[in-house]
Amino acid sequence: MSEDRQGRSGDSNKILYCSFCGKSQHEVRKLIAGPSVFICDECVELCNDIIREELEEKAQSARSSLPKPREILEVLDQYVIGQLRAKRTLAVAVYNHYKRIESRSKNDDVELAKSNILLVGPTGSGKTLLAETLARLLNVPFTIADATTLTEAGYVGEDVENIIQKLLQKCDYDVEKAQQGIVYIDEIDKISRKSENPSITRDVSGEGVQQALLKLIEGTVASVPPQGGRKHPQQEFLQVDTKNILFICGGAFAGLDKVIQQRSNDAGGIGFGAKVKSSERKQEVGKILAEVEPEDLIKFGLIPEFVGRLPVVATLEELDEPALIKILTEPKNAITKQFKKLFDMEGVELEFRADALSAIAKKALKRKTGARGLRTIVESVLLDTMYELPSQENVSKVVVDESVIEHKSEPYLIYQAQPAPAKAASGD
């Protein structure tokens, strides 16, 4: 290349030098020409080394920024009350998942298998919040999919590939970011087959969806339409490799406790050697779910292949009244803290009495909505006050007690004391 440039310049005896290190064309193996500059092969190699070192430093920084399981648990504790066992299971599983991604980049001899997660717990026990908090902590793209809207390809409804498209939308169609994101699939128990006989129960929104999700969860290259794909059909589909995407599936699995109990009872046997079943030994649902085995999930209606793709199972307990009261007051995003902030922006103090918090928790337990129903209850009792308050003057405090939660009275408004009018001076 340098000889061609010499020929064009008309000066065949001119010696060319590297613009970076100053070596002549005779001192190096190759001299590459650019617009009025030259670079030798040695400088190219040096540039490659510099770039390689910077990439390794970035990778090392990413490794050091990955929080340890204990640090993950500490953050989860700030947002999710209770569920210690589930939080520990998640912390370890997520930490190992991202370590696995690092090991793949090193071309290690040992290949680590992917460990997706199944969350089993009652409605409102914190499954979705756990997944959201994890994604926020790790600063990775996160999306939630509803399993009940998914159908097999070719039928009316959402294809499973739509999940990956939602994940891409969350990171502005950055494929590299999406490939290390987290997907939470909710209501996974609703796609269970209704019988253990697959030949008569296969349907487009049940077992069929489980089959469609298998490859996606295990790791495959999904073809996803680009941004505005229908408007620009000539664009090529984006190829997203799902092998490093962490899938967390969650569901209430109503009735699973009975399946577990049935297995335990069958294991007890019959006859004189059988264990005596007593009503006093009746366990709480949360403790029963903690004993779940893969065979129980299969009997419930998940196909064996799907259960095998979710090796990490974390069970959540049903929240009791003390736990719900803590949820109302302790987390960073506690509901009472949020409403106090809203009232504070109006210059008004909001107070929840202890009996009010207890009444809110009892009402949520009665509705069987768990923590999810707490906000609805608080919204309903404060709606009229929040409507009237901006138009009222001199209100300094709003007090909510049990009678307000039971709709027996309105929130108590406390007004600022008006300054006494100044007396006019009496004339002599």
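Cβ from N, Cα, C; glycine included.
Residues or ranges marked as Zn(2+) binding site by Swiss-Prot on the basis of sequence analysis: C18, C21, C40, C43. For C40 (Zn(2+) binding site), applying a Cβ distance below 8 Å and a minimum sequence separation of six or more within one chain yields C18, F20, C21, K23, V28, R29, K30, L31, I32.
According to Swiss-Prot, the ATP binding site annotation covers P122, T123, G124, S125, G126, K127, T128, L129, on the basis of sequence analysis. K127 (ATP binding site) carries a helical DSSP state (H, G or I). Note: K127 (ATP binding site) has non-local neighbours L119, G121, D186, G250, G251, L316, i.e. same-chain residues 6+ apart with C-beta under 8 A of its own C-beta.
Marked as domain 'ClpX-type ZB' by Swiss-Prot on the basis of sequence analysis: 6-59.
Put simply, L129 is the one of the binding-site residues T123, G124, S125, L129 whose Cα lies nearest to the Cα of C43 (Zn(2+) binding site).
The 10 Å shell around the Cβ of T123 (ATP binding site) contains 15 further Cβ atoms across the protein chains shown. The sparsest Cβ neighbourhood within 10 Å, among the listed binding-site residues (C18, C21, C43, L129), is found at C21. Long-range Cβ proximity for S125 (ATP binding site), meaning a same-chain Cβ under 8 A and a gap of 6 or more residues, is found for Q83, L316, E317, E318, L319, G370, A371.
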